[in-house]
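Below is one structure; the comments refer to it alone.
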Amino acid sequence: MKKVLLATLFAFSGSVFAADHEVKMLDHGKDGGMVFEPGFVKAEVGDTVTFVPTHKGHWVQSRAIPEGAEKFLSKENEKFTLTLTHEGVYVYVCPPHRTMNMSGIIQVGKPTNLENATKEIEKIEKRTTENKGRLFEYLDQVK
């Protein structure tokens, strides 16, 4: 009986300790215009990230994800929760404001796909007309 109880406790322990990180989608924030706040999130496998459309006209789309993770795309003006299932670097943008570099990074555990994420960040930054360098600043926080 004790073994069954112990096994049950371990099975549910991951969800008990998982954190939810809130990211606001803003027209203007501490990092400037058209911004996710915070723009960099450090998380663990099993955590969730909830994107909150604080201002209208925003949504979120993945641009680089770890191998095995699923691409994501939210709906405009709707709260969206992403469950982080794989270690690595997740790079995302707000599609209508991509050229304004409305983008962010989530690091989950070890940055297993750092090389591929960096290549995607370079592509995004190359096409950016405003807030140049924002993603590189977030990338500097990946350890």
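The backbone N, Cα and C atoms fix where each Cβ goes, and this holds for glycine too.
Curation does not apply to TrEMBL; its annotations are automatic.
TrEMBL annotations:
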SIGNAL    1-18  signal peptide
DOMAIN    24-108  domain 'Blue (type 1) copper'
BINDING   His58, Cys94, His97, Met102  Cu cation binding site
If you count the other CB atoms within 10 A of the CB of His97 (Cu cation binding site), including all protein chains displayed, you should get 21
Excluding His58, Cys94, His97, Met102, please set out which residues of the same chain place their CB within 8 Å of the center of the CB atoms of the Cu cation site, keeping sequence order. Met25, Met34, Phe36, Gly57, Trp59, Val60, Val93, Pro95, Pro96, Arg98, Met100
Long-range neighbours only, meaning 6 or more apart in sequence with Cβ under 8 Å: which ones does Met102 (Cu cation binding site) have? Met25, Met34, Val35, Phe36, His58, Val93, Cys94, Asn131
Just to be sure I understand, if DSSP states are collapsed into helix, strand and coil, how many residues of the domain 'Blue (type 1) copper' (24-108) fall in each? 6 helix, 42 strand, 37 coil
CB neighbours within 10 A of Cys94 (Cu cation binding site), counting all protein chains shown, number 25
